[in-house]
């Protein structure tokens, strides 16, 4: 068996075995709020309970200690992480490079979201964490329930009528899901910024597609039945030890098995940012989130979860799941993509653009080697991505 696949498969099995006994402890890691505070910024922690009982943690940088602008107008922005990630991804490169700090220093009220199931959002007032029912969700529910709940809370707290949004990877997927399935939220988005936008996967070059797509990309198979409604790669000591050992064993295994989204090595990566990221990553998620992405690769569609013909008819009234209608997205939205993205590459971004009639901008990072993970850990991400994002957000504020 391919050693890369072996490590990933072992990590999956280990994660499943430990899903009900995950031995990580939040007191043993540096939380997002502690990380923010360590750099001198003020911070708050908020909890939002969704309509189906999930308790989501939002970390906030309300103003910049450098600007001392707590009494000035500070438009809110929500930052949303990707798959297996959490709010730390927007903090791991420090105040000089990470988007969260740069936005705070640009005069914005920064809110960092955490989707259901990650290390900061593992409670539900109705369901036990140890129940498979807790993990019966995917990024569709994050887009249709979690993100709207966060936005409602932030707007109510700040008194603003609209919010800016920036997401990375899955954080872009859930934005597209929200605005196509709940189009009333278009009016609440002042501007949207999609870093490494993910919707179509026909041309994905990551080994993960060919390794796992045939196993779980079609409903009804034994692997699909085994993995559905479970916690996928939780944050615990064993999984993190596997990651660390894999990176020492082989650069190829590390690049593909843990940071499975990166492609073409770490030409742009900041090593210190990577070490900070690994402290709280992988952050945990539902297996259904990964399965749903693999279904998109298999089907060549951007559509809802495929449960098989019988359940599809019960849920959707048709044999196949319905497509997300990108024509319903009217909020001013900017895409930021790169040529060397192994998951959501340039050809698939072209497909997204072709199906997105109200898209505001399709920006391409002008460095050939820039990859999926570089959007949050690259040494040059400030100049190539974050500065352009802030420049565009400023334009909506008349700055």
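From the backbone N, Cα and C atoms, a Cβ is placed for every residue, glycine too.
As recorded in TrEMBL:
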- 169: active site, nucleophile (ACT_SITE)
- 341: active site, charge relay system (ACT_SITE)
- 372: active site, charge relay system (ACT_SITE)
- 34-94: domain 'Partial AB-hydrolase lipase' (DOMAIN)
- 1-19: signal peptide (SIGNAL)
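For the domain 'Partial AB-hydrolase lipase' (34-94), DSSP puts the residue distribution at 9 helix, 19 strand, 33 coil.
Residue density at residue 341 (active site, charge relay system): 29 other Cβ atoms are found within 10 A of its Cβ, drawing on all protein chains shown. In this structure the alpha carbons, written CA, of residue 169 (active site, nucleophile) and residue 372 (active site, charge relay system) are 8 Å apart. Of the recorded residues, residue 341 (active site, charge relay system) and residue 372 (active site, charge relay system) place their C-alpha atoms 5 Å from one another. If you take every residue in the domain 'Partial AB-hydrolase lipase' (34-94) and average the pLDDT, you get 95. Around the residue listed as 'active site, nucleophile', taking its Cβ as the centre, 28 other Cβ atoms fall within 10 Å, counting all chains. Packing around residue 372 (active site, charge relay system) is summarised by its Cβ count: 26 other Cβ atoms lie within 10 angstroms of its Cβ, all protein chains included.
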